Amino acid sequence: QLLALCSTAAFISLSTGPAVLGSVVIGHVGQNVTVPCFYSVQGPHDITSMCWGRDSCPASKCSRTIIWTDGWRVTEQSSSRYLLEGNLPTGDVSLTIVNAEEADSGVYCCRVEISGWFNDQTSNHNVVIEKARISTASPHTYTSEQTSAPGSTSKSSSTITRTWPSVSASEAPQTASGPCSSTSDCLDVTSNLQNVSVSLPNEQYSENGLYIGIGLCAALLAILILALFLT
């Protein structure tokens, strides 16, 4: 019985081939998730076929196969959401799940077919797709102001618009006393200023006429004196 048990264990270990320790890959819904898988390629003769499947690796091939390659390119693909974006001839056969969903969670098998009896390289990877975390805190919008020049401010795009109540003229605060206490006083001051600004040129013109008259009188007086002197 012991011999039969050992034989059975040896057969199981040979049939599954050399197993490579898998990985746990955690992704989020709506994102692309990459499940790593590599094998050694020393030359073109090492390039070989491989497959990806759901569930743990069986004794041969892949169960629920989702993708196959011949070592150089993808030859079979169950969905366009499964891609091999690595450099296949160099041994990078990592699987990319596009726009991951919660249903994509589970175990994935990477099997690299190596010639010879029970030489396939297998690895099982546990993929966990989580929902995107949504914050439960209430959103806040902050208003920030930055002074760019005296008397001017620039506001950020995320601002809170506040509507202030309209203030009537009678309720508006008086920051400083004006030069006049009423509207009539202001009108009187304005008219006086206009009269002053108009009267100034008239006075200037009268003074010029006075100077010209005096000059003419002096000239006539000098002519008369000269005429009397000559006669």
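Cβ atoms are placed via backbone N, Cα and C, with glycine included.
TrEMBL annotations:
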type	residues	note
SIGNAL	1-22	signal peptide
DOMAIN	18-135	domain 'Ig-like'
REGION	139-184	region 'Disordered'
COMPBIAS	147-163	compositional bias 'Low complexity'
COMPBIAS	164-184	compositional bias 'Polar residues'
TRANSMEM	209-230	transmembrane segment
* Overall pLDDT for the domain 'Ig-like' (18-135), taken as the rounded mean -> 93
* Structure fact -> Helix, strand and coil residue totals from DSSP for the domain 'Ig-like' (18-135) stand at 9 helix, 48 strand, 61 coil
